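Among the features that TrEMBL reports, coiled coil is placed at 69-96. Residues annotated as compositional bias 'Polar residues' in TrEMBL: 1-10, 22-31. Annotation comment: TrEMBL describes 32-47 as compositional bias 'Basic and acidic residues'. The compositional bias 'Acidic residues' feature in TrEMBL is assigned to 249-265. The region 'Disordered' annotation in TrEMBL covers 1-50, 249-269. Residues annotated as repeat 'WD' in TrEMBL: 152-194, 195-226, 279-320, 321-362, 365-405.
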Amino acid sequence: MPTESGSCSAARQAKQKRKSHSLSIRRTNSSEQERTGLPRDMLEGQDSKLPSSVRSTLLELFGQIEREFENLYIENLELRREIETLNERLAAEGQAIDGAELSKGQLKTKASHSTSQLSQKLKTTYKASTSKIVSSFKTTTSRAVCQLVKEYIGHRDGIWDVSVARTQPVVLGTASADHTALLWSIETGRSLAKYTGHVGSVNSIKFHPSEQLALTASGDQTAHVWRYAVQLPAPQPVADTSQQLCGEDEVECSDKDEPDADADPSSECPTIRAPLTSLKSHQGVVIAADWLVGGKQAVTASWDRTANLYDVETSELVHSLTGHDQELTHCCTHPTQRLVVTSSRDTTFRLWDFRDPSIHSVNVFQGHTDTVTSAVFTVGDNVVSGSDDRTVKVWDLKNMRSPIATIRTDSAINRINVCVGQKIIALPHDNRQVRLFDMSGVRLARLPRSSRQGHRRMVCGSAWSEDHPVCNLFTCGFDRQAIGWNINIPALLQEK
């Protein structure tokens with residue numbers, strides 16, 4: 001009990017010290033006129049083309065910045081004193097417990113455990129008090145490495161998914177709630193082909209690994225495989241949009257800021273009206289589909305709580321994957337192995353293994369507290385999952401009990417995508433932001449967004465194109481447009 005009373009008295013002393021410092025800060029602020037008088041007189045005596053009102057405003061702003069940093073400096077000094085006091089108290093208490101002297105290792109363990117909790121609180125407090133200042137610095141660096149290059153406008157409703165072709169010619173594909181899928185020239189932003197074979201919302205699009213085939217999933221309870229043949233137009237000079245960047249301000253935009261629905265550039269491009277193959281067997285919305293390695297089979301995920309594996313050539317159902325308790329939200333295949341992950345509203349995602357033809361195993365990954373919106377493979381044996389619980393988790397396939405990294409955000413996560421070569425995760429959010437993280441959970445950048453550029457509504461999906469010279473990241477949203485970004489990855493990783 002003496003230990004508890006000592007800690008209470010220490011807490012009271014700390015409060016009194018903070019009180020006295022806050023009073024001293026007020027006194028310091030009250031005498032700001034005296035402290036800033038000399039610089040003001042000196043500046044007024046210098047030659048300047050600025051109006052006096054502007055100069056006066058600048059002086060006031062500089063004074064506010066100085067006071068803010070001064071307050072933070074004083075708080076930091078006080079918190080350091082408190083940490084030193086606690087360390088001394090812990091060391092004194094640890095010298096004799098039950099008449100036995102603790103070893104240095106035990107003292108170190110006990111002190112580090114207690115101070116780690118306090119340091120975490122200090123970090124949180126310091127982060128909250130300086131978030132505005134730090135974010136302003138990050139804005140400048142993020143703009144330097146993340147640049148909007150091209151906007152792809154032509155859909156009449158929100159775009160759910162975006163994908164990049166794996167074969168030549170490299171084109172961009174978008175899947176929209178307007179019942180169509182569009183193919184785009186990445187360089188010019190022109191629509192090259194329109195697919196109109198679905199009678200419901202087109203929820204996802206994926207390109208065949210080696211042929212000019214596209215796989216689309218739809219709200220009409222089917223998935224379609226269709227062939228395209230496009231010819232890329234002559235490339236146009238890329239406009240420099242670096243002068244148009246105006247930070248990451250949260251600006252609310254009205255409907256008049258969105259692309260004009262009456263102007264339909266896609267009406268001039270060729271239309272593909274019928275599929276080569278229609279995959280039918282689901283009893284609900286097909287929310288996603290993907291090709292298995294080799295491109296001879298495809299997997300679909302549906303709101304009927306099942307995922308189906310099909311033979312594409314014959315349209316026959318090979319396996320029906322059951323086990324999820326609620327609607328599926330996404331499916332993804334491994335680039336080199338016969339592995340599939342399916343995510344669901346039941347807060348889990350499942351790994352299905354088809355490497356052994358005679359048996360397919362399944363592992364359940366639990367760790368999220370809300371809908372798992374997507375789960376995707378990365379290099380090696382890792383999977384990244386995103387959820388409506390505002391977290392992204394990185395998993396090792398050999399250990400499904402707990403994630404190896406967790407990213408916490410301020411908004412629900414939609415369909416994520418991983419740059420395999422550089423191990424960078426793109427996170428599209430409900431709050432219209434797109435953030436970039438590395439595989440260890442360190443934030444690298446946030447894509448610029450303002451009233452003049454970026455998405456104006458929820459960002460639904462993303463796709464990396466690692467070897468494209470113009471754009472290497474694409475995002476799509478419910479504002480009816482897709483956007484191509486150039487990410488200076490070497491500069492981004494150097495900042496890290």
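Cβ atoms are placed via backbone N, Cα and C, with glycine included.
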Top stretch by Cβ pairs under 8 Å to the repeat 'WD' (279-320) (candidates 152-194, 195-226, 365-405) is 195-226
The average per-residue pLDDT within the coiled coil (69-96) comes out at 79
According to DSSP, how is the repeat 'WD' (321-362) divided among helix, strand and coil residues? 0 helix, 21 strand, 21 coil
